[in-house]
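J.: Handing you this structure, nothing more for now.
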Amino acid sequence: MRSFYNKCFTNKLISAHSLFCQHVSTLKNNKKECFEDVKRSNRISDEFYSSFLYHSYIENLKSTKEYVYFIYLQDIYYNINIFKNKGRLYISNNGLCNDKLKDNNNNNNINSNNFGNSYNAYTKKKSFYHSFNDLNEAKEIRKKRKNEKSEKNIVEYLLCNIINPNENYHIQNIYNHNLNNNVSIEIHKKNDSVMYHYNNEKKTKTSKMTTDIKLKQINNVYIKYVPYKNKIITLACPNKYYPTLYRYFSSHTNKKEDAEENDKNKNININNVDNRYKEDFMYGCENKNDSEKHKKTTNNNFGDEFEKLKVKELDKILNKLEMLYDNKNNKMNINVKILGYIFKNFLLKNKELKRKIFCSLFFLLCSKMAIIYTPILLSTFIENVNLQKSLSNNIDIYSTNKSSVLLLCAYVFSRVLSSTMNELRNSVFSNISQKISTFVSKLFFYKIHNLNLTYILSKKNGELSFIFNRGCKSITNLLNVMVFQIIPIIIEFILYLYILTYKIHYTVSLVTCFNMFLYVLFTTLITKRRTIIRKHMNKAEQNTFNIFLDSIQNVEQVKYYTNEIHELKKFIKEQKKYEKEAINVQKSLSFLNFGQQIILNTNLFLCMYLTYLNIANDIFPFSYLILVNTLLFQLAMPLNMFGTIYRETKLSLVDIESMIKILVKKIKSPDYGNQMLIKNGNIKFENVYFKYPLNEDINGLEQNYQAKEKDPNIINNINNINNINNINNINNINSINNIYTFESNVKNISSTNMITSSINKLKKWYLDKVKDNKKNVQYNNNDVKKTNPNITKNLNKEIKENINTHLKNHKIINNSPNYNNNNYLFQNFTCNIENGEKVAIIGKSGSGKSSLIKLLLKFYEVNSGNIYIDNKNIDDIDLYTLRKNISVVPQDTILFNNTISYNIKYGNFQCTDKQMIQASIKAELHDKIMKMENKYDTIVGERGTKLSIGEKQRICIARCFLKDSKIIVLDEHASNLDNENKKAIEKALTKLCMGKTTFIITHVMENLKHMDKIIFFCGKNIYVGSHKNLMDDNHFYREYYDSKNNKML
């Protein structure tokens, strides 16, 4: 039974429960009994229930309006009718069949009126089901009975003598006589209509059954026959690649499996669960009628999703970015190069976007050409009107007015055309910029989830989200600035210069060029200063945001200790810093705008003056003043924004640089397409050495040291030692300040205690040197005499040696750690854990218990040694497979601010709703959920704050049931629970850990006697053994065990 159930539903052919719920809501309780109630009362098994629903799904033929099914369970026959158009489902007892069975078996316990014979009108009373295991079985029957003419079973006769599975048939009519073998069947082979008739000696009146079923070769076969002796043949291959042939459905199931199923389903009341999420959450299908998605298996679903998201393409792009970043020889700015590669890679694979870019540039050019002609048309119009006025007596007024009106219309049309082209450009390019931003967002989000856990945890709250938000916005802003502002300004400027040279005079163009150069130079210099001020403002803003976020996230702690005033003071302090920096930004903006206006108006004055001189000499007409004035004002409009453009571009590049630094970090991407399974769960730790990794900046410094490319700050500070006031005044405070400067620079490299202590020692050593040489230094109030050059040389040499020694202390030579270092948590740790063993991990807090599990999950990398799972080194197992086969129940479960059903399904989104509910029952959670107002649709709140600790732990356990991993980790799972919740959770965990390798991190001693192995962390030593062996042979464990028990007592 279980194998059939798994075959039907883990392959995602259909969710039986969801399909049933599409029909069950229309049943009338006073006439019909709910099919689920029949199932729950142990009169129907999962196998038949699944078969019924699966058939009703795959036989969804357009020409069929009604489906009739028969089920024989627990000595009772049932008939099921589904009316497709009306969406109704009827279930009734087959009274005639039950009476016949009662007479044959003399079973007085069978009640043929369980559901009322009055509903037999809705059913086809004499239909039975049976199936061969495969078509080969039918062929064997055909061989055996090929020459027999008197068949007792018409179905076997047809299979053996008439129906060829490799040809197409269409069964149109079946005439049923009674429970015996009196059957008439019409079979249409291709275009030939043949009537095959089989009669027993006893002839009765026939009745027509409404059956219309197709046979489609061997890849897609549906057959429905009327057999004898309570059976019918049903062969079905619903999927071309994964044929499923239904088995013979026995009326008796294994008692042990029945008992287990009864325990699972004892309290399910599906009618109380909202049907909406059953349909919407199933396999991520948006359309419940999307049969193709329902027919895919779990692995195929995931594989299609994997291909759809193009994860391999993302990995390829990220690897290329890492290579570009490592190539330091290229003279081009690395950030610009990486950004260019991302744009190029994205645009080359999107032909539609190429067309949109071309259209956008075309609209841009048309817009600028139109806006350039507006001042020319206006000037011509004024000149024409002026000419008309002066010569009104000598020319035809009508023709002159006509030309003026045409010029005026052309002027208005050019302005409208320019505006229209601008809007078309905006609408087309907005699609491009948003798609690129979405692409980069997907790339960054994928990268974040594959970064080293230590790096992510080292960041402040909200820092990564801040970088992500600003980086994505900056990409959109940069593209908009480039296309909507920088490129248009360049095009406009070139066109304006051409018109000024061609229409006016080259001197006007030269004056304009010179003033524009001054304008750009002034704007650039001021904006650089403003960028620094703006960075200070952004930093103050981010600090304010971090304080606000941290305070809100810890609001309970604030209220516990009544520190609301303290939090308010801290927030106001940072807010004032932000206020000060924001005022400075506004002041610098005002100064920038003032200087820009001075330059632009000076240029306007000079150009207008030169034009006036030419007009006064009768070289140009009067209208040229308007032409020059309009041209320069149109040029000034985008130039007024140049400072903002420059600043936004610089800030965008800064924000993008922060994002790029994360994108180019080297990672080992999990192979999401790999479906390899860990079968047993045997684990072996072999000579493992591990210590917590240094800060990543120090690691980078070590790499630079190995490559002999030391940090320039260090080199500058070392070289500056030669110039500590030219070593003329060792006592001078500037000398000591240089050491403090060196300390601050190194602290910028790392904030670790190791570095800080080393710098303090260096500072102390230096001051001691100062005191030792103080006696040798002679000075007065005006001059400072030079010290001995040997002292200078020795001092310089010793400082360099101290720095080099400090760096070498952190260096790993030939990838082999310094095993004498006392910072190692594990030294030569070895342990073998067999499949299904229960292993307790105990020891003092901070001794490395959780770190051992993080090594197993590859959150950290071992410094030396190997870890094996099923005799495979975890370095050779991709991260996806590794972590997919390990389930963790942490001490504090974090939930997403979503529904309970979403949080449970987070363990396996490919599960069905029925599997989710069964997991909730196993986790002792279902009853609590059903008491809630919205049941499985209840929102859990931020990080699950609306639920108790026990409820959150049970959700996590339900996730683990759905994940169904071979290795379970319980990390102090019951440390914060009361006794009642502990008992319920222990009961659920007993089911979860049955037959699986289990690690239990705990401080509770009462269960240690039942553990197969105990890993005991004692200082730098780790002891492994059973409870009895450790109690007998290890006095440290004995003392620890006794001390914990005494505390409990």
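Each Cβ is built from the backbone N, Cα and C atoms, and glycine gets one as well.
Quick paste from Swiss-Prot:
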TRANSIT   1-90  transit peptide
TRANSMEM  357-377  transmembrane segment
DOMAIN    360-651  domain 'ABC transmembrane type-1'
TRANSMEM  397-419  transmembrane segment
TRANSMEM  481-501  transmembrane segment
TRANSMEM  506-526  transmembrane segment
TRANSMEM  591-611  transmembrane segment
TRANSMEM  619-639  transmembrane segment
DOMAIN    807-1043  domain 'ABC transporter'
BINDING   Gly843, Lys844, Ser845, Gly846, Ser847, Gly848, Lys849, Ser850  ATP binding site
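A description of the local structural setting of each listed feature is requested, covering burial, neighbours and distances.
T.: Same-chain residues lying 6 or more positions outside the transmembrane segment (481-501) and placing a CB less than 8 Å from one of its CB atoms are 360, 364-365, 367-369, 371-372, 376, 425-426, 429, 433, 508-509, 512-513, 516, 607, 628, 631, 634-635, 638-639, 641-642, 645, 648-649, 652.
A Cβ distance under 8 Å defines the sequence-distant neighbours of the transmembrane segment (591-611), meaning residues of its chain 6+ beyond its ends; these are 500, 504-505, 507-508, 511-512, 515-516, 518-519, 522-523, 526-527, 530, 620, 624-625, 628-629, 632-633, 636, 639-640, 642-643.
Taken residue by residue with DSSP, Gly843 (ATP binding site) is part of a strand. Counting only residues at least six positions away in the same chain, the Cβ atoms of Lys849, Phe1016, Phe1017, Cys1018, Tyr1040 sit under 8 Å from the Cβ of Gly843 (ATP binding site).
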J.: Tell me, how many other CB atoms lie within 10 A of the CB of Lys849 (ATP binding site), whichever protein chain they belong to?
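T.: There are 23 such Cβ atoms around Lys849 (ATP binding site).
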J.: Using a Cβ-Cβ cut-off of under 8 Å, list the residues of the same chain that are 6+ residues beyond the ends of the transmembrane segment (619-639) and lie near it.
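T.: Long-range Cβ neighbours of the transmembrane segment (619-639): 371, 374-376, 378-380, 382-383, 386, 485, 488-489, 492-493, 496, 499-500, 503-504, 508, 512, 516, 519, 596, 600, 603-604, 607-608, 611-612.
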J.: Which entry in the list of binding-site residues, Gly846, Gly848, has its Cβ near the fewest other Cβ atoms, using 10 Å as the limit?
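T.: Each of the binding-site residues Gly846, Gly848 was scored; lowest Cβ tally within 10 Å is Gly846.
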J.: Other than Gly843, Lys844, Ser845, Gly846, Ser847, Gly848, Lys849, Ser850 themselves, what residues in this chain have Cβ atoms within 8 Å of the centroid of the ATP site's Cβ atoms?
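T.: Neighbours found: Ser851, Phe1017.
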J.: In the predicted model, what is the mean pLDDT computed over the domain 'ABC transporter' (807-1043)?
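T.: Mean per-residue confidence for the domain 'ABC transporter' (807-1043): 80 out of 100.
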J.: Residues with Cβ closer than 8 Å to the Cβ of Ser847 (ATP binding site), same chain and 6+ apart in sequence?
T.: Leu825, Phe1017, Cys1018, Gly1019
J.: Ranking the binding-site residues Ser845, Ser850 by other Cβ atoms within 10 Å, which is at the bottom?
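T.: Result for the binding-site residues Ser845, Ser850: minimum number of other Cβ atoms within 10 Å at Ser845.
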J.: With an 8 Å cut-off on Cβ-Cβ distance and a minimum sequence separation of at least 6, pull the same-chain contacts of Lys844 (ATP binding site), or say none.
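T.: Listed in sequence order: Phe1017.
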